[in-house]
């Protein structure tokens, strides 16, 4: 007899698995950046609209397909049509690429977590130079947090061409990250179902603790005011709407096959419509909640830097003009500067090049996302907090839980189709398949621990799962609505769950969502074409800052390969299936 499909212990496990997968680093490090870039509170308007017309419908579609077909992504789409097996294969390839580079973030989180127990924190001060006569020159030009990230953590090379060697500390952290993931997925839903309670709930506990701490920090209100003050003119900016749609799309993890894999372990009668709404709302609420925490910390950092800048200017003018201590303050600084410039023009012109232009607004307006926000901006704020080691441990442990939760979904998208395959499952136990997938990913992931590894990380992060996912989800919607048939799918859902599909879901699936995805697809293509030569940010140690460089030809070729390798699965598998069917019938396939 065929072995019964494993199931979640209860519906709550499934919901927690979806939340743990969907709520990830993008909620913490990309959504706050988009709020900062596109009008603060006014960005919530396009974001919520895109959640309603794109996020919830597409999430429900994937959950319904997984629950109805009771297979991983490859089997599910092949059941709908033998010609659509490539859709599932494209999802597996995209998830494989994501797993390859995503776990290096967990390796960095492990690295920072292990260093968080030091007193003082190793990124809080610059190291001495080789002569021990002053601070390291690169660190002085940049900052202690940037130096620790670019030099001590990444030991980054000056360009992508200078690949350098593998950094053994980062390699060990990557091995540890993959070992943790393997232990979590070892027994399938049996082990994953228990882990997701922890990976889903613990980040919220840490965010609540950080919220309480953040709101009590000096200058937190400056950051919150900056976030919630709407810039209504941004509503007319098409990029705000496009980025809102993109954030919803990628934050929910659509197109990777993870949600289909999770839903395939549901009882057929499970109300996946309710679960889709719950997961979507929790995911978006988490993004807003994390932004409040981030902007309170951001306000503290910006205020601290602004006041430090003012104090340096005050000290410089006090010493240069022999002013009485305490005479110069932040409130009378501009007035006194005007007086000194008119009374002592010669001396003031000599000092002027050393006077920094201090601005709280410019500090708050410095937009940073991704690894820059997590490993530079947050560490900059943490080092200036009381009991900084405690806050550092909490923060990086939270990042680790978010990262591992997302990795459980990524690996499920790869493993479920493999373990569903009778060819593989009849020869290898589930534990061996899981181990091989983790081992292969870990070995390939060593590329990201090299000196040029961060540049390759950016390539995979920017191109491996953007355009391909849009195409995958577009084909998914067309497959359900126009190949399988919307009426047929509606009747199957009713027979499965006992609930009738209302007009909202049908309107979104049949028209609004696919048109929106096509618009996003066109935007991305036109943006790439208008941009011209693709560029990247390289670290210049002599200047202590990032500089823009053009990608070399072989990097552009790899970018093209990353985009094509998953998307080409769809037409190639369809063509292969057509040829095989023709040969089985004894016909000769027509030649165009």
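Even glycines carry a Cβ here, placed using N, Cα and C.
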**Request:** Select from 149-167, 168-186, 301-319, 320-338 the stretch of residues annotated by TrEMBL as transmembrane segment.
**Result:** 168-186
**Prompt:** Given 367-390, 463-486, which one carries TrEMBL's transmembrane segment label?
**Reply:** 463-486
**Complete:** The residue range that TrEMBL labels transmembrane segment, out of 277-298, 343-364, is 277-298
**Asked** Where else in the chain does the transmembrane segment (393-415) make close Cβ contacts, counting only residues six or more beyond its ends and a cut-off under 8 Å?
**Response** 17, 20-25, 27-28, 72-73, 91-92, 95-96, 98-99, 102-103, 105-106, 109-110, 112-113, 116-117, 177, 180-181, 184-185, 188, 192, 195-196, 198-200, 202-203, 206-207, 209-210, 253, 256-262, 374, 378, 382, 430, 433-434, 437-438
**Message:** Can you tell me which parts of the same chain pack against the transmembrane segment (240-265), counting only residues 6+ beyond its ends and a CB-CB cutoff under 8 A?
**Reply:** 5-8, 14, 17-18, 21-22, 24, 26-27, 30-31, 34, 37-39, 42-43, 46-47, 49-51, 54-55, 58-59, 62-67, 69-73, 76, 88, 91-92, 94-95, 98, 189, 234, 272, 279-280, 283-284, 287, 406, 409-410, 412-413, 415-417, 465-466, 468-470, 472-473, 476, 516, 519-520, 523
**Message:** Below 8 angstroms Cβ to Cβ, which residues of this chain, lying six or more residues outside the transmembrane segment (436-457), approach it?
**Reply:** 96, 99-101, 103-104, 107, 154-157, 159-167, 170-171, 174-175, 178, 181-182, 185, 371, 411, 414-415, 418, 428, 536, 538
**Prompt:** Have the transmembrane segment (12-31) and the transmembrane segment (551-575) got at least three CB pairs under 8 Å, pairs 6 or more apart in sequence?
**Reply:** no
**Request:** Would you count the other CB atoms within 10 A of the CB of residue 406 (Na(+) binding site), including those on all shown protein chains?
**Result:** 26
**Request:** Around the Cβ of residue 27 (Na(+) binding site), how many other Cβ atoms lie within 10 Å? Please give the count over every shown protein chain.
**Result:** 25
